[in-house]
Structures are given as structure tokens and as C-alpha cells.
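Take a look at the structure below.
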Amino acid sequence: MSDVLLDIKNLKTHFYTETGHVTAVNGVSFNVKKGEIVGVVGESGCGKSVMSQTILRLFEEGTVEYEGEINFNGRNLLKLNKRQINKVRGNDISMIFQDPLSTLNPVHTVGRQIAESIILHQNASKKEAEEKAIELLRLVGIPSPEKRAKEYPHNLSGGMRQRAMIAVALACRPKLLIADEPTTALDVTIQAQILDLMNNLNEELDMGIIFITHDLGVVADLCSRVVVMYLGEIVEEASIEELFDRPLHPYTQGLIKSIPQLDGDRSAMLHTIEGTVPPLTRVPKGCRFAARCPFADEKCVASAPPVTEYTATQKVKCWHFEKILKNQEGIADVHTYS
Amino acid sequence: MENIGSTLTLSEARKKLKKEQQQLLKKRFFSNYSMVIGLVIVIFLMLLSFVGPYLTSYGPLDLEVNNRLQAPNADHLLGTDNFGRDLLTRIVYGARASISVGLSIAIITSIIGLAIGLYASYYKRLDQILMRICDGLMAIPGILLAIALMAALGPKVENVIIALSIVFTPYVARIVRSAALVVREQTYIEAMKAQGASSTRIIWLHVAPNVLSPLIVQATFIFADSIITEAALSFLGAGIPAPAPSWGNILYDGKLVIFNAWWMTVFPGLLIIIAVIGLNSMGDGLRDIMDPHYKKVTKKRSKAVKGKEEVA
């Protein structure tokens, strides 16, 4: 087992808004090891993006309050001052965003923007930085990088822009890359290319990746471990095999069942998880998933379940996971998806 | 596409493309009538104010007491004023004063307004302070504020520039702030933050270039506005001090003899009108060119349906 790169302990993110106090991330704990790809899944509004931005403390100071620990290489990121966190950002931890069409500044050339990160963190001259930028563009698989570096973002296609954005993020060889739904805005073929690229980069540069997505297919393809989030909490954490073979949390089960099957019955309705995510201002008292859970009883409504370690790599936050497990063995294998 | 064909044809194709792009840009520029008209007028005024003084045969303060209040004639193309000074010469020198005052105000307000707008958009608390000050300044009618400031500072060309800069800076700051607020929320700014760029760097290197086009447009309007306001100030006696010519001063002198010497009010007045129309239409044109979302462009295109068909 390689050593731990990022260790998040009981992380909470509070927002103070006009409508009241909101805890968007509530007691999240997980870790990322060196060179490991960890997937974070969950439906919209479950706190995935907030969590990822909390790691880099990207929210405006004063409107937000953090609690817990984010240990990165032995340092608690939440305790760093402004200048120290600026040194970590981009240099040790980088981030790529969801929408490649708006993550590059339209007024600067692509090469200039990659060089910017290098100039920020390394004592490189402008010329050196620009040469490095071309190298990076080559690394992420952009053809004729010398030419592309001189072009503006609007000259590039969506897939190329996402590659360029990855180049920006990789500029200083970060140890951890946070990818916040990097393929959501791209079509499937480009998506596959970007995923391949990330896989290769992960092997080549030995960097840890937190891959945030709501696409379980992508997770199955790329990640070795998965964290399932619901309403600001981690409801299940498992290795990829365990998650698809033996999901313990009803929410995870629901997610896996909701994946449309190519060879499935077309006339049948797709599986859905009933109800919607409640707003964060009205969080249920007991188990947060209780209102939508087919297994819920009084116990679930009354008190929140503890996190149980089922195996060394699989943790679940549910009162009834054993019952669910038994139930599952009866039904045909859910794991038809690969 | 690039792999097909030899390199020779490729470079040729690129040249052709570049040429086409240039032509398209030219077409777009010249189809923008207000821009062309405005630019012609502005260039004319610039020439008038910077080259004109060398071409006149009189000085702006040369008195010819015998030739007072002469109507336009061969010696004095636009006539003379009540001290016998050549009106054309005074208008040309006045153009220099008006244009240079207007230009300096446009530049100063742009720089200060840009800084205020950018910082206000970036820091919420600073925003409250700066924008309330701007609101306060904007609440007072511009000319009144300018007169008050001139009274406090004393009549001098530099003071006119200072006073009018104070009057017009809030308008620039507002525009910059509203544009910067939009840019600030863009993902690329957050991405830069995630790359570890400092606030100062983000503000000046990444937000500022994105708000330049509304700023430039606003600056041309400020240019026009300050020419009018400066003329008004001089007309009221609170602007550029007396013997030095400015359009407002000439109008002020002309007011006294308006029934005897029409030329003294008509010509400088005409020039003010031309200057303001020119600058405003250039500002309109610039906005059309720089802001691709601005609706007026499509309206104009429908007028030239033929051109549209060609493009399609």
C-alpha cells in the first residue's frame, strides 16, 4: 500500500447566506493515496463540487466557514494563510473544471495561459515558460502544439480546450488533480479520449486524482475506489469491484440500477430513485436519505446511522445494510454493467 | 484537413484565408457608417487642433482694434470678434484647448475609473464604500459640481481637467464595475484562482483585459461630454480663463454681441456640435464593433439585405 497523499477528516463547509445557515458538506472523511484515482459520485446538489472547492479553499472568505482537517502531505490546508494556500494551489493541487468552454480566458492565447501557471510557481522566464507550455500541450495530445500555443481559446474545439485546461492544471506537475466533472460537457468520443488521457497521465506522472462525476460508467472505467455522496455526506465508500458487485447503501443501489442497459428491456421504464434531494435548509433529522429510501423505518427517521466498516475497503452509512445485503443475494446479479 | 495536400498549397490557403479575414474586417468596419463618419470627424478635429495653429496667419491674442466685429471676409474668413481678433484663429486654438482638455479627461477618468471599478467588483466591502461615494458624486448635477470645484480650485486649465475628471470618473467606474462583475464570476477566473494566482494578478491580468471594450466606448462618450461641459463652464465664466481661447470662451464673448455679430456664436457653436456628434457616433460605432452581442448590428444588416445574401 502506498502512502496517503490527501487525508480529509470530518470536513464541514458552512455557508452563511441570506436564507440562513447551510452546511453543504457535512462531516466528510476519506483519503487519496499517491497515484490513486478516487471517484466521487452523487446526484446534482449533493455537495461534490463544494467539497472539491473546499479542498483548495476557493470560496470567498467571510461567507464560508470550514471545520475539520484537510491534511495534504502532512499539512492542514485549512490552517494555511493566504500566501501559503496560493503556493499549494496549482503547484501541489490543481483543478480542472466542468465547462471547458469557459475555463480559458478569451483574451489570452492558450500558450500564455499555460505559461502563466509556470511563471506563478517556478522561477522561469517568460520564454522558458512558453517553451514548457508547448511541451505540455504535446503531452496532453494536441497536434502541432507550437501553432496552437499561439492561438486563442475560440480557435480550439471543446475537446481541445479541455485538453488545454488539463495542460494548465498539469503545468507544475501537481501531486493531486481534482477533476470536477471534466467530461460532462463533452460528447462521448471526446469524453473517451479525455478519460484515456487522464489514465495515461495518472500512470506517467504518478499523480493522485479525485474524479468527480455523476456518471457511474466513467467511474467504472477509471477509478479504483469510489466515494458516494448524498446531501453533503458520504454514504458509502468502496473499491470499484465492491461497489458494483455488492453495493450496501440503498442510494448506491439506486444509482447503479438507474444506469440504462444496452441489452435491457426497452419497453420497461428506467429505474429511478423516487423524490428529489431536499434543500440544504431542510435537512432531515435522522438518516438523510430516509425520505427516499425503500428500506426506511422509524429508526432511520429518528436517528442518523453510524459509519460501519463492512470490509477493510468498504464503509457504509446505513442502519439496514445487512438486510439489504441479504435481499440482494436473492435477486439476480445487478452487476451486468461493466 | 491539414494533412491533405502539400505544404505549398497549405501556406497558400493560409494566406488566402488571412486575406479574406482582413477583407471581412474591412467590410465590417466600413459598413458601420456611424463609426466611419465619427472617425472622419474626429480625425478632422485632431488635425484642426494640432496642425491648424501652424497654418493660421494671426495669433489668437492679436488685436486689430480697427477691424472689430467684421463679418466674414477674405482677410478674416470667419470674421473678427469684439477685440478685433481673428475668429478662425481663435476657433482653431480653441479646438486645441477643447480637444486636449477632453482627451486628458477621457484618459484620466479611464485609468482611475478602471482601477476603482475593478477593485470594487472584486472586494465586496470596498464595493460598498466606493460605489456609495460614486453615487454621491453622481447625485449632484455634473455642471453644478464642476462649477463648485472650479470655484474652490480657481480658474486654470489644469483645474478644469481635475474638476471634470472628478465629475466623470464615477460614470466610468460604474461601467467597469458592472462589466467586471460578470467577468469575475466566469470559470476562468476561478480556474486562475485554483492555479494559485494572487488577487492583484487576477484583477489586472485576467479581469482588466476583458472589460477594456466597454471602457473604451465609455471613454469616447466621456470625451464628447467633457467637451460640452468644458464649453459650458467657459461660457459661464468658470472654465478656461479669459484671454486664452476656447470654444466656450468665444461663445461667451459672442453672447454680448449676438445681435450684431452672428458669426461669433454660430461658428464655435457649430464646431461643438460637430465635435460631439462625431465623438458620439464614433462611440456608437465602436460599441457595435466591439460588442458582438449588441442588437443594433442585426438591425443594420437587415437594411442591407443584399450584403447578407452574399455572405450566405
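Note that Cβ sites are derived from N, Cα and C of the backbone, with glycine treated the same way.
In TrEMBL this protein carries:
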type     : residues  : note
DOMAIN   : B:95-283  : domain 'ABC transmembrane type-1'
TRANSMEM : B:33-55   : transmembrane segment
TRANSMEM : B:97-121  : transmembrane segment
TRANSMEM : B:133-154 : transmembrane segment
TRANSMEM : B:160-183 : transmembrane segment
TRANSMEM : B:203-224 : transmembrane segment
TRANSMEM : B:261-280 : transmembrane segment
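If you count C-beta pairs under 8 angstroms between the transmembrane segment (B:203-224) and each of B:33-55, B:97-121, B:160-183, the highest count goes to B:97-121.
Cβ atoms under 8 Å from those of the transmembrane segment (B:97-121) belong to residues 45-46, 49, 127, 130-131, 134, 157, 160-161, 164-165, 168-177, 179-181, 183-184, 203-204, 207-208, 211, 215-216, 218-220, 222-224, 226-227, 230-231, 240, 244-248, 272, 275 of the same chain, restricted to positions at least 6 beyond its ends. For the transmembrane segment (B:261-280), same-chain residues at least 6 beyond its ends with a Cβ under 8 Å from one of its own Cβ atoms are 37-38, 40-42, 44-45, 69, 71-72, 78-79, 81-82, 87, 91, 94-95, 98-99, 220-221, 223-224, 227-228, 231, 247, 250-251, 253-255.
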